């Protein structure tokens, strides 16, 4: 008796793919709308009214985004070259030192990094920025090393056979093929930065952490909830946008 071949898996249609890709946007929009409706029916006191207004919230969102994005840019500028250096180095000692330092930064609790730097240096934006860079360094470093090591040796050898210099092989071949993995590390670092930026409020660096901490300290739970919802929404949106970039950079057929 002949055994029928299993049917090939059905690929999602175009409409299904669009819905799946836009699902995070739909969820975030729904959560923000529900939060807005909930706040609009509350009887807010004077403290809550001064906090839950467009001017105050937009200022805090701006501070949060500036801190998170600046930290992520610095991480990219520092961690990608460090990853390239580690992938080229034959010294286990050098590689161990670089990766070990990055591991220490990630293993230390975020609040500990922020407070320690504030004690050793000063409070404010610059200290929070350094703390976020330290905490977000490892994912980009690790993914840069992994992405470069995954490039097929035969591809590099073919490029050299075409007369490319080592620098050209790195720029045109290795970094191009490793870019999806590197972007995945940057995506993780961005989400880390958005989350950890909330503790910057403890050293007077602003951000949405002000709303969360003030809401908790003053027992103004609408302020606390709005701050937490905004942080979570920004993290989801940034992860979604970085995911689109990652998909664009993936080689066709991958």
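Just so it is clear, glycine is given a Cβ too, placed from its N, Cα and C backbone atoms.
According to TrEMBL, the protein carries these features:
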type	residues	note
TRANSMEM	21-41	transmembrane segment
TRANSMEM	61-86	transmembrane segment
DOMAIN	61-242	domain 'ABC transmembrane type-1'
TRANSMEM	93-119	transmembrane segment
TRANSMEM	125-141	transmembrane segment
TRANSMEM	181-203	transmembrane segment
TRANSMEM	223-245	transmembrane segment
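Counting C-beta pairs under 8 angstroms (sequence separation of 6 or more), the transmembrane segment (21-41) reaches the transmembrane segment (223-245) with 3 or more such pairs. Between the transmembrane segment (93-119) and the transmembrane segment (181-203) there are 3 or more Cβ pairs closer than 8 Å, counting only residues 6 or more apart in sequence, so the two stretches are in contact. Note on the transmembrane segment (181-203): residues 64, 67-69, 71-72, 75-76, 79-80, 83, 110-111, 114-115, 118, 123-125, 127-128, 131-132, 135-137, 139-144, 146-147, 150, 175, 209-210, 212-213, 231, 234-235, 238-239, 242-243, 245-246, 249 of its chain, located 6 or more positions outside it, place their CB under 8 angstroms from a CB of the stretch.
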